[in-house]
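Okay, structure first, notes after.
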Amino acid sequence: MTDADSKAPLVVLGAGGHGKVVADIVLATGATILGFLDDRVAPGSRILGLPVLGPLEWLTTNPARVALGVGDNLARARAADVIQAAGASLATAIHPRAVVSPFARIEEGTVVMALAVVNPDAIVQRGAILNTASVVEHDCRVGAFAHISPNGALAGGCHVGAQVHLGIGASMLPGTRVGDRSIIGGGALVARNLPPDVVASGVPARVLRHLTTGSG
């Protein structure tokens, strides 16, 4: 955790698979978790031995810090706005076995999983996910609420737009860019710039279809 008040108790939003991993990261840092928030799981249920406290609205009377355990990029972005409107704050969760340069910038609400690497002058914006063993090289920018999947790799100077999903094992050549909200398939190689709102896959990655803005 990199918050100024990193040991203060918090809640994890999302009690699904991704939320479990986020909770595991938080616990690995030594922080205390009050429980999960999830409107699809009955209050009082237990996940990883921790209680489900209720839906997101629980924050209106209990403005705790929140670690974002929601994998869907658009849903995570919307939830972050609701959290902050309720007067709560976003926690940043960085696994102790991640390697993050002191010269990198990690913004609030970000999750950095085990074995991820973030090198100097990289910027990881609000609410992004750097999944297990992902690599963000020097001078890269990962946009707000983007998701770099396990073993995803960004060579130096790459730019990933807001809410981009880079699939498992996908990689980007130096200096390439992916526009906002685009989805890059697993194992793809981004060898040239890709526009916003597309689905692309292959080696090299080619546009397969265009998305309606805001869809995923």
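The backbone N, Cα and C atoms fix where each Cβ goes, glycine too.
Some features that TrEMBL has for this protein:
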BINDING   Gly71  substrate binding site
ACT_SITE  His138  active site, proton acceptor
SITE      Asp139  site 'Increases basicity of active site His'
BINDING   His147, Ile168, Gly186  acetyl-CoA binding site
On a C-alpha basis, identify the one among Gly71, His147, Ile168, Gly186 that is nearest to Asp139 (site 'Increases basicity of active site His'); the candidates are the binding-site residues.
His147
For Gly186 (acetyl-CoA binding site) and His138 (active site, proton acceptor), what Cα-Cα distance in Å is obtained after rounding to a whole number?
23
Collapsed DSSP category at Gly186 (acetyl-CoA binding site):
coil
I'd like the Cβ neighbour count for Asp139 (site 'Increases basicity of active site His'), meaning other Cβ atoms within 10 Å of its Cβ, all protein chains included.
19
Candidate recorded positions His138, His147, Ile168, pick with smallest Cα gap to the residue listed as 'substrate binding site':
His147
List nothing but the one residue from Gly71, Gly186 whose Cβ has the fewest other Cβ atoms within 10 Å; the candidates are the binding-site residues.
Gly186
Between the two most separated Cα atoms in His147, Ile168, Gly186, the residues recorded as binding acetyl-CoA, what distance in Å do you get?
12
Cβ neighbours of His138 (active site, proton acceptor) where a neighbour is any other Cβ within 10 Å:
18
If I restrict to non-local contacts, at least six residues apart, and a C-beta distance under 8 angstroms, what lies near His147 (acetyl-CoA binding site) in its own chain?
Gly71, Asn73, Ala128, Ile129, Asn131, Val164, His165, Leu166
For Ile168 (acetyl-CoA binding site), what residues in its own chain, 6 or more apart in sequence, show a Cβ-Cβ distance under 8 Å?
Ser149, Pro150, Asn151, Gly152, Gly186, Gly187
